[in-house]
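J.: Supplied in structure tokens, the structure appears directly below.
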Amino acid sequence: MIPPDGQPILTAAAMRAAEQAHGDLSALMDRAGRAVAQAVARLAGPSPVLILCGPGNNGGDGYVAAAALAAAGHAVRLAAVAPPTTDLARAAAARWTGRVETLANAQPAPVLVDALFGTGLSRLLGHAITAPWHRLAAAAQLHVAVDLPSGIASDDGAVLSTPPPAQVTLALAALKPAHLLQPAARYAGTVRLLDLGIAAPSSCHAIAAPTLPEPGPDSHKFTRGMVAVVGGAMAGAGELAALAAMRAGAGYVVHLGDGQGPPHALVRKPWSPAALDDPRIGAVVIGPGLGRDAAAHTRLDAALATDRPLVIDGDALHLLDLDRLADRQAAAILTPHAGEFAALFGKGQGSKIDRTLAAAARARAIVVHKGPDTVIAAPDGRAVVAGDADDWLSTAGSGDVLAGATGATLASGVAALDAAAAAVWLHGRAARRCGRSFIADDLAAALSRVR
Ligand SMILES: NC(=O)C1=CN([C@@H]2O[C@H](COP(=O)(O)OP(=O)(O)OC[C@H]3O[C@@H](n4cnc5c(N)ncnc54)[C@H](O)[C@@H]3O)[C@@H](O)[C@H]2O)[C@@H](O)CC1
Ligand SMILES: [K+]
């Protein structure tokens with residue numbers, strides 16, 4: 001049971017291609033079912049298990065798992081929604097010599113295993129399936145999904161039919177987008193990967209703890225990374241971003257604009273375009289509290305005209321002409337939430353991952369598409385997905401904190417995609433450290449503890 005951090009994410013088609021390339025599908029199902037049995041046995045302890053099997057290969061995994069649990073002496077029953085329809089599932093079902101109960105009449109068990117549908121789900125689940133399944137799940141103490149919670153769309157995380165939430169989802173061979181994308185991910189509970197020994201290459205991965213440069217004996221404030229935050233109409237938002245940049249590890253942070261007060265470590269200068277010419281600046285953060293007036297336009301213009309790496313957030317995203325990015329050599333990271341993303345890139349097509357990749361290609365920049373799930377995409381087709389954001393992050397200023405943290409990681413010298421992913425990771429972890437009803441200032445402070 002491998003944690004999802006850093007693991008490849010595959011669409012259903014890519015997963016099928018990886019299975020085909022492996023060749024021996026029956027051996028693969030055998031491995032999958034046994035791995036599920038082992039995981040369920042560990043989770044269930046001595047408690048009796050009821051496995052619900054669908055007609056396809058997800059159900060096939062369920063039959064193999066049931067046979068393996070029974071062979072190990074575990075109390076296990078099985079209920080099916082329909083007879084198996086694939087050769088693989090039929091062969092798997094033949095290995096289960098126990099009784100096959102109907103879903104409608106099945107009695108509850110303390111541990112319920114959902115092997116109804118996986119990556120092959122193609123339509124809504126009927127009431128004849130959902131009603132007894134919800135009844136059985138409500139009576140169970142532990143609900144485990146095989147590969148995916150049934151009823152959710154593997155590739156885009158849509159919920160076709162609302163499943164009873166699982167506490168644990170056992171992803172087979174690789175993660176699927178729905179394990180991390182909302183709204184599906186909230187039904188998956190804790191996701192654990194079962195390694196089936198097949199190569200599952202992907203340019204899309206789950207977020208993982210970053211490797212960021214550590215200060216050494218020869219470090220000084222400018223080698224740690226210098227960040228310039230462009231202030232604007234709402235000075236507090238820019239200052240919050242500046243504070244976050246300091247807490248995320250930047251050695252020197254300057255706020256260009258109005259505003260005063262602590263922290264004393266923050267360097268304050270009045271806005272001037274010339275201030276951006278300092279060659280020591282490793283990243284310019286623009287957008288938090290910038291406003292949308294003529295002055296804001298001028299400041300964004302000046303930032304785009306520099307050769308410094310940029311983090312573009314908030315108001316600056318509303319003023320941004322994407323074509324201006326095409327001529328720039330230095331990296332740019334855009335951090336839109338859903339509304340800003342739609343305004344900049346339109347509705348788009350496909351999953352949040354597809355749409356963010358298309359946006360990154362269009363902008364020729366790293367795009368951090370924020371939300372309860374955050375997708376970070378690069379123009380070269382790589383993507384990183386962060387699931388399960390802390391719900392308490394829905395607080396004013398949390399985006400400013402992310403923008404500032406991104407300035408720090410970008411100024412530290414790591415590649416732009418890694419810098420963006422690192423900041424998202426630090427931000428997410430900081431939120432967890434803050435507990436409940438925290439404010440953005442607490443979040444910025446917690447970045448130090450996460451670093
Ligand atoms: N990833 C891997 O390496 C492996 C995957 N395997 C399993 O194979 C699964 C995919 O199997 P399948 O492609 O057979 O797909 P599923 O088992 O997910 O479902 C397909 C079957 O369900 C029917 N169906 C789809 N939606 C329905 C609905 N709403 N109501 C009623 N029937 C519906 C289809 O007509 C088809 O018969 C994976 O999720 C995984 O569990 C394993 O067996 C082997 C290893
Ligand atoms: K399932």
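For all residues, glycine too, the Cβ spot is worked out from N, Cα and C.
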J.: Using only what TrEMBL says about AMP binding by LYS370, GLY371, PRO372, ASP373, THR374, identify which of GLY346, GLY399, GLY404 is listed for that site too.
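T.: Record check against TrEMBL: AMP site with LYS370, GLY371, PRO372, ASP373, THR374, extra candidate from GLY346, GLY399, GLY404 is GLY399.
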J.: In TrEMBL, the residues ASN58, SER150 are said to bind K(+). Which of ASP24, ASP87, ASP114 is said to bind at that same site?
T.: ASP114
J.: Other residues with Cβ within 8 Å of the Cβ centroid of LYS370, GLY371, PRO372, ASP373, THR374, GLY399 at the AMP site?
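T.: Other same-chain residues with Cβ inside the cutoff are HIS337, ALA338, HIS369, ALA386, ALA389.
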J.: Which number gives the other C-beta atoms within 10 angstroms of the C-beta of ASN57 ((6S)-NADPHX binding site), all protein chains shown included?
T.: 27
J.: Is any of the binding-site residues SER122, ASP147, ASP373, THR374 within 10 Å of ASP114 (K(+) binding site) (Cα-Cα), and if so, which, in sequence order?
T.: ASP147
J.: Cβ distance under 8 Å to ASN58 (K(+) binding site), same chain, sequence separation 6 or more: which residues?
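T.: Non-local contacts for ASN58 (K(+) binding site): ALA115, LEU116, PHE117, GLY118, THR119, GLY120, VAL146, ASP147, LEU148, SER150.
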J.: If you count CB neighbours within 10 Å, which one among the binding-site residues HIS337, LYS370 has the smallest count?
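T.: With the binding-site residues HIS337, LYS370, fewest surrounding Cβ atoms within 10 Å: HIS337.
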J.: Rank aside, I only need the closest one: which of the binding-site residues ASN57, GLY60, SER122, HIS337 has its C-alpha nearest to that of PRO372 (AMP binding site)?
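T.: Sorting the binding-site residues by distance from PRO372 (AMP binding site), the top entry is HIS337.
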J.: Between C-alpha atoms, which of these binding-site residues comes nearest to LYS370 (AMP binding site): ASN57, GLY60, SER122, HIS337?
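T.: Closest by Cα: HIS337.
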